[in-house]
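Chemist: The S-adenosyl-L-methionine binding site feature in Swiss-Prot is assigned to 40, 65, 66, 67, 95, 96, 123, 124, 138, 205; the stated evidence is sequence analysis.
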């Protein structure tokens, strides 16, 4: 994984363009997400724990929006109990950023495994989902147009084996104004504690405007249930960042 420091928004810009997962972001993404998302390391660790329990022999484990492959590796490294199996699960990472996929493939090669792994450069809205026992979307759905989110989750649920699991991690908003302001401000305090300046925070926020569209916890759980998951739980929250577990 790249450990280059995120300085993309360090200098004042006359006009801040829309955020893109381009070469610049791919180069510093590991630093960016660890300094921007409170609890990120814990989420990755628990994705591994969840994968160990719910991955099924011969089934597919999807990381949809895999970026540099942190979640992909968390899944794969917890499938070692299948190493001697003749019916191993297959791990499939998907991302539509060529810059991310290129680096992700390198990261997979640096940590070889006998678990079959494929990294695809595709739009997850058109990626075939088949024979799934695990599906992870780690801060991905928030970048999908609102009108297309439910169809995507329904397609995942329909093509998931009984007893399979989905992990959905998202930045959220709150209907309660006081809670929204308090946790929003605490998130910015977290970013300052990780070395981001007020200018960097403001410019990144501007870049993400209308690109990252958050929703409430209730909206996410209700959608997961409508999509076809029998159970949907909030299992993690740190300020305005959460993760859900949905069971088929």
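Just so it is clear, glycine is given a Cβ too, placed from its N, Cα and C backbone atoms.
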Chemist: Where does residue 123 (S-adenosyl-L-methionine binding site) sit by DSSP, helix, strand or coil?
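Modeler: Where residue 123 (S-adenosyl-L-methionine binding site) sits, the three-state DSSP reduction gives coil.
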Chemist: Would you mind ranking the binding-site residues 95, 123 by how many other Cβ atoms sit within 10 Å of each Cβ and giving me the lowest?
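Modeler: Ranked by other Cβ atoms within 10 Å, the binding-site residues 95, 123 bottom out at 123.
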Chemist: Translate the DSSP assignment of residue 66 (S-adenosyl-L-methionine binding site) into the three-state scheme.
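Modeler: DSSP call for residue 66 (S-adenosyl-L-methionine binding site): coil, neither helix nor strand.
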Chemist: Compile a sequence-ordered list of residues in the same chain as residue 40 (S-adenosyl-L-methionine binding site), six or more apart from it, whose Cβ lies below 8 A from its Cβ; state 'none' when nothing qualifies.
Modeler: 33, 34, 241
Chemist: DSSP secondary structure for residue 138 (S-adenosyl-L-methionine binding site), reduced to helix/strand/coil, please.
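Modeler: SS state of residue 138 (S-adenosyl-L-methionine binding site) = strand.
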Chemist: What are the non-local neighbours of residue 66 (S-adenosyl-L-methionine binding site), defined as same-chain residues 6+ apart in sequence with CB under 8 A from its CB?
Modeler: 72, 93, 94, 95, 100, 101, 104, 119
Chemist: List every residue in the same chain as residue 138 (S-adenosyl-L-methionine binding site), at least 6 positions away in sequence, whose Cβ is under 8 Å from its Cβ.
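Modeler: Listed in sequence order, they are 43, 44, 47, 63, 65, 70, 71, 167, 169.
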